[in-house]
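Heads up: the structure comes next, in structure tokens.
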Amino acid sequence: MTSSKKILVLAGDGIGPEVMREVAKIVNWFRAYRGLDVDIAEELVGGASLEVHGVPIRDEVIQRAHEVDAILFGAVGDPKWAHVDFNLRPEAAILALRKELDLFANLRPAQVFDALADASTLKAEYVSKLDLLIVRETVGGIYFGTPRGIETLPDGTRRGINTELYTTPEIERVARVAFDAARKRQGHVCSVEKSNVMESGLLWREVVTSLQQAEYPDVTLTHMLADNCAMQLVRNPRQFDVIVTGNLFGDLLSDLASMLTGSLGMLPSATLGPLKEDGRRAALYEPIHGSAPDIAGQGIANPIAQILSFAMMLRYSFDRDEDARLIETAIENILNTGLRTADIMTPGTARVGTEVMVAAILQEIKRLSGQG
Ligand code: IPM
Ligand code: MG
């Protein structure tokens, strides 16, 4: 018997596979006990795919990604491949998926669990109860703009070129995602660019402003220059509700915001494509953290970002808010008992590895639901 819905699992490199192996136990529990009726397929991406197939992602895998309802992604990146061309690096796999599936809106929440307020490098009084959402554009901007490349001038000087480029529709559609999200939150969007030095930033500011006036008068819109935003995120992060920004600034600011929560190992993300006529939309869920080659293979990686990414999938792709909350509550409760992976250790807490952390969270999910 086949299920109507499909998930594609792409564990990738480094800590990706060892975390995914454990998190699969939670996914399978939801299939067994909560009626999550999905087929699961797995494929290689990143360095793992390079190793076997000579490319970071095969066309067949992109095709498969088009066909499924949701993708659960681990992490890509392996220093072994740092010397090869950009289009052959492990990172090209995630960039190709974003581009090919038109996954333009990357939602990166930064929420501080009460139990972890002390794990932040910022004082707890600045980060406790923090709850912000970064909406990052992910298929445009300087990551994809042309011309690009490295060229050699007649005098032998070499020149590296990338182009920051945004069009009105590209800005509008990502701003819409941010405004819609704000309506379900505190009703405040802060749009971030460098309109003081960049034309693409100036256009960004104009387009977001017009859209707010025309379609979202109920949402409060403010603007901030990207450098100031970086500073404000560490000075007073709770001033933000939703931040909307381009690809490059979003990459930087979301790493920065994630550290406010104590660890990069805590934060999930969802990357969404346009809504199609049949009501479906391509969606990829991945932790914000990378492949962490320095700790890969040791069984010590924090699985929480990957588990929370699955929770986001339940909420956004399968309309299962209750199941998502079940996971989030279980994680909160387990953190309250003092269990910690190495990256979020504070004095007086107990250190466990990936496997024990996942087992504890699954146990708590069972207890809360009274199932399994
Ligand atoms: C991210 C990562 C990626 C990016 C890399 C792996 C290409 O840093 O998802 O934030 O820069 O977008
Ligand atoms: Mg990044």
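Note that Cβ sites are derived from N, Cα and C of the backbone, with glycine treated the same way.
Sequence-distant neighbours of Arg98 (substrate binding site) (same chain, 6+ apart, CB under 8 A from its CB) are Phe104, Thr138, Val139, Thr271, Leu284. The substrate binding site annotation in TrEMBL covers Arg98, Arg108, Arg136, Asp227.
The local packing around Asp227 (substrate binding site), expressed as other Cβ atoms within 10 Å of its Cβ over all shown chains, amounts to 13. Mapped onto three states, the DSSP output places Asp227 (substrate binding site) in helix. What TrEMBL records for Asp227, Asp251, Asp255 is Mg(2+) binding site.
Long-range Cβ contacts of Asn302 (NAD(+) binding site) within its own chain (separation 6+, distance under 8 Å): Ser263, Gly265, Met266, His289, Thr341, Ala342, Asp343, Ile344, Thr354, Met357. DSSP gives Asn302 (NAD(+) binding site) a coil state; it is part of no helix or strand. Marked as NAD(+) binding site by TrEMBL: Gly290, Ser291, Ala292, Pro293, Asp294, Ile295, Ala296, Gly297, Gln298, Gly299, Ile300, Ala301, Asn302.
Marked as domain 'Isopropylmalate dehydrogenase-like' by TrEMBL: 6-361.
Annotation comment: TrEMBL describes Tyr143 (among others) as site 'Important for catalysis'. Within 10 Å of the C-beta of Tyr143 (site 'Important for catalysis') there are 18 other C-beta atoms, taking all protein chains into account.
Sequence-distant contacts (6 or more apart, same chain, Cβ under 8 Å) of Lys194 (site 'Important for catalysis') comprise Gly201, Leu225, Ala226, Asp227, Phe249. The site 'Important for catalysis' annotation in TrEMBL covers Lys194 (among others).
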Closest to Ala292 (NAD(+) binding site): which of the recorded positions Arg108, Arg136, Tyr143, Asp255, going by Cα position?
Asp255
Among the binding-site residues Asp251, Asp255, Ala292, Ala296, Ile300, which have a Cβ atom lying under 6 Å from any atom of ligand 1?
Asp251
What is the set of residues, excluding Asp227, Asp251, Asp255, whose C-beta falls within 8 angstroms of the centroid of the C-beta atoms at the Mg(2+) site?
Ala226, Ala230, Leu248, Phe249, Gly250, Leu252, Leu253, Ser254, Leu256
Taking each of Tyr143, Ala296, Gln298 in turn, which of these recorded positions have a Cα lying within 10 angstroms of the Cα of Arg136 (substrate binding site)?
none
So, three-state DSSP: helix, strand or coil for Arg108 (substrate binding site)?
strand
